[in-house]
Amino acid sequence: MTTPALLPLSGRRIPTLSPGASSFPHHRATLRLSEKFILLLILSAFITLCFGAFFFLPDNSKHKRFDLGLEDVLIPHIDTPKEGKHASGQVVIHGQGGHDEHRHREEEESLRDKIRADHERALQEAKEKLRKSREELQKEIQTEKSKVVEDLKKKDAGPKPLPPVPMPKVVGVSDGEPTEPNVKEKRDKIREMMKHAWDSYRQYGWGHNELKPLAKKGHSTNIFGNSQLGASIVDALDTLYIMGLHDEFKDGQEWIEQNLDFGVVSVGLADRESSGQEVFKLKAVQLAEKLLPAFNTPTGIPWAMVNLKSGVGRNWGWASAGSSILAEFGTLHMEFVHLTYLTGNPAYYQKVMHIRKLLAKMDRPNGLYPNYLNPRTGRWGQHHTSVGGLGDSFYEYLLKAWLMSDKTDTEARKAYDDAIEAIERHLIRKSNGGLTFIGEWKNGHLERKMGHLACFAGGMFALGADGSPDDKAGHYLQLGAEIAHTCHESYDRTVLKLGPEAFKFDSGLEAVAVRQNEKYYILRPEVIETYWYMWRFTHDPKYRQWGWEAAQAIDKYCRVSGGFSGVKDVYSSNPTYDDVQQSFFLAETLKYLYLLFSSDDLMPLESWVFNTEAHPLPVLHLGNITLPGSEPARR
């Protein structure tokens, strides 16, 4: 398989375990299906960390410097023990705040001196090599060759077994059949839509990242690193399992075991591992190891993309002077914490905690997080803040880190509460017609436009209502309901009853797209996601009704013989197809619709947290367990 050139890290939207559950022996030849399900969730949640795309062309703007001590900028992201780390390996952040330019000049001069010294040392080593005899050089070359051979032998011996960890208790991952016949009928229809989407992909696009349902062939774009990672298979697995489509699930599982390759990975891995669960764990860890070089930046803020073979990273060319994106580097926490629990390796936990600590030290304009941060300089890029594309899942993960920790990560909860307070003060407004919307802050100006991606926030506000400070639970549940209503209006005011990519609230127009390039619908899930959360917390029947309206519209206007396609204009009665069945349609849109028409005992929210791509991970009941490299949990 060709090694992908660049694999992107991304958000919107990735995805603990009970110490009392029994340990699993890694040598066991067979597994209960529920155990395979858990490990496939881990794998799918982590791999979809690498999937995602945003179609924005931001303007360049003046930059804000991130004031850190030199030791903060250059040292904390390095894995080897150095000054600036606790003996346990936990990152310790030093340095004082402030904006002293003289200090920055001194630091930059110190850095230049270090580079000069390194350069001189390299030159001296080269001179010494040239002084050696031919025999001495040949001997050194032979020694290096021997080392390479030994390393290859170690690799051929197979991957190092991972330590056994307690398996979580599998709660509510199947059934959920509603008692009302009419609701069951709707749920069955959603299941049939999933089967049509999967069967079409299986027939025409198998192994490709996505499907072109009209052309009836596979589809790949550079958002997946120009590689064939079977993104639709990875994304769909847990949906198939939850819906009880176990034959289809088995097909996908076998493809992952036999074909999913991240470049330099041992050949025949699946054949050497008799235990299905070990395969999925190892796949996730292998990918994680290949992503770690993305963090090798002066600040420890990762690049957006990394070459899996060379470890070289880079950012999107359009992202504000080479900046990393908030919704990408801020959407790693759940997966990396889970990987540390799974493997015992503190590196993953330390990487994401370092990001959190750096962001906590930054000067945020009006308490808002801009969407761009330069990983080389530690400066904010363009002052653009959004709860939609580029920013969305960062806020979601602050809340979900708290939930996944069994509500012990109070630092994450405090950061979420502070961020939401700033968002409500500066971004949330009510239109003249009484619709509550979330605008975007650009260089000191509020743009009265809301994106479809931002519609997930209704569900987020409802999910975070319990635990809100100052007895504001009712307020945030109501805010979630208002956002749900606004997003439903964006659907209801179109010809197709499907929502546009973005909609405005000015010049007498409300919840309507104005620009032609904002009138498309690409099978997005965010509005339906909010309907599901609002249904779970209120059981107001209108959310099921709104969800059914959306499902019928998708089936009527997006369904074709070869799958489901996005449409280019939701205000046209004769829309043009975009000929792409997005992988998130299987992972998110259809999953949330199915859950909306299921009983609450399917994927109960007390036991599961959904990552930004709707892959559920169990709440990590750490109890007295301390993650390697972390401090003991405190409530």
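Each Cβ is built from the backbone N, Cα and C atoms, and glycine gets one as well.
Per TrEMBL, Ca(2+) binding site is recorded for THR612.
Per TrEMBL, the feature compositional bias 'Basic and acidic residues' maps to 97-114.
Within 10 Å of the C-beta of CYS487 (disulfide bond) we count 28 further C-beta atoms, all protein chains included. According to TrEMBL, the disulfide bond annotation covers CYS455-CYS487.
For 95-114 (among others), the entry in TrEMBL reads region 'Disordered'.
Residues or ranges marked as region 'Disordered' by TrEMBL: 153-183 (among others).
The annotation transmembrane segment is assigned in TrEMBL to 37-57.
Across the structure, THR612 (Ca(2+) binding site) and CYS487 (disulfide bond) place their CA atoms 19 angstrom apart.
Sequence-distant contacts (6 or more apart, same chain, Cβ under 8 Å) of CYS455 (disulfide bond) comprise ILE483, CYS487, SER490, GLY499, GLU526, VAL527, GLU529, THR530. The number of other Cβ atoms within 10 Å of the Cβ belonging to THR612 (Ca(2+) binding site), over all protein chains shown, comes to 28.
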